[in-house]
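J.: My questions all concern the structure below.
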Ligand code: KG4
Ligand code: ZN
């Protein structure tokens, strides 16, 4: 098949607070658009599911139109529709899946319900080309922190480890709140940490050297809370940059150490880091340093592709179509806890 013969896949993502639409052919992103409701959640310090669902409903059709325009494509050019079937917020997923069913039916093309988490890994192909097999993936987002062994994006993804409590992004968001930085906490902590000394306060490293690929961030969050409380009692000014830098160092130290160990232990030469937290500048720098030392090739998509978007779902959809897997039925259900081992929803 030549490049132009590959099917044009319309990817739709609505698992959390971003309405994302991407048009993908093979490993090429032709156009995408994202509408975010994050501003509507800021004053609540976290995503309000009902608010997110309504925002998806309002943004869906205009976002599809903008993505098609950017791709220079007409609706009739679309060969298949892929949509996030899970995991995610129930109401939010439902909006995307309902829209995808309507588009697939109206355009008379097959529908594929795919896994949001595997999409975060698949998106890297749009930037760096086909993913070598096997690869290890470190998936770090607001809702998930997992180490995966990816033998085939469409058919074989194994879980090596997971967080036992908070996700890495969740830890950023909670700690930001503790030290008076806005939601979502990742970007402001990333920025504040650049002004601080990562060695000034040494915070604990959860599940360090425990022989597993699992993570834990709730002890770290409690340690920061205690530090803030103590400072409040003595009336000291909070050294926000140093706390941010110390906290961040603890998170990225464990993430990168375990990810590189997973590659070395499994004889895998390629590591992909993706999900919202992969936008973190210190995580990217330390991963580069440690991968270079271990002889592992690192792939990190550009920050815009790391956070939730429709291109990632189009990318995984294209893989699933290429693998010849059967399309989903039109009664495809959403699954708020779809396991990462299922790239295509049952
Ligand atoms: O993947 P994502 O956009 O949504 C989920 O599927 O969860 O990830 C959102 C998370 C938030 O917790 C946010 O604070 C975090 O990614 N994040 C960052 C950075 N940018 C976003 N964390 C650390 N450093 C960043 N620069
Ligand atoms: Zn995500």
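Here the Cβ of each residue, glycine as well, is placed from N, Cα and C on the backbone.
Just so you know, TrEMBL annotations are computer predictions that nobody has curated.
The annotation domain 'Gcp-like' is assigned in TrEMBL to 29-314. The Fe cation binding site annotation in TrEMBL covers 116, 120, 308. Marked as substrate binding site by TrEMBL: 139, 140, 141, 142, 143, 173, 186, 190, 280.
Describe each of these features in terms of where it is and what it packs against.
T.: The Cβ neighbour count for residue 308 (Fe cation binding site), using a 10 Å radius and every protein chain shown, is 26.
Residue 280 (substrate binding site) has a Cβ environment of 28 other Cβ atoms inside 10 Å.
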J.: What is the interatomic distance between the Cα atoms of residue 139 (substrate binding site) and residue 120 (Fe cation binding site), given in whole Å?
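T.: Just about 7 Å between their Cα atoms.
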J.: Using the recorded Fe cation site (116, 120, 308) as reference, state which further residues of the same chain have their Cβ within 8 Å of the centre of those residues' Cβ atoms, listed in sequence order.
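T.: Result: 13, 15, 16, 84, 117, 119, 141, 275, 309, 312, 313.
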J.: Measure the Cβ-based neighbour count of residue 143 (substrate binding site), defined as the other Cβ atoms within 10 Å of its Cβ.
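T.: There are 20 of them.
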J.: Do any of the binding-site residues 139, 141, 186, 280, 308 touch ligand 2, in the sense that the CB is under 6 Å from one of its atoms?
T.: 141, 308
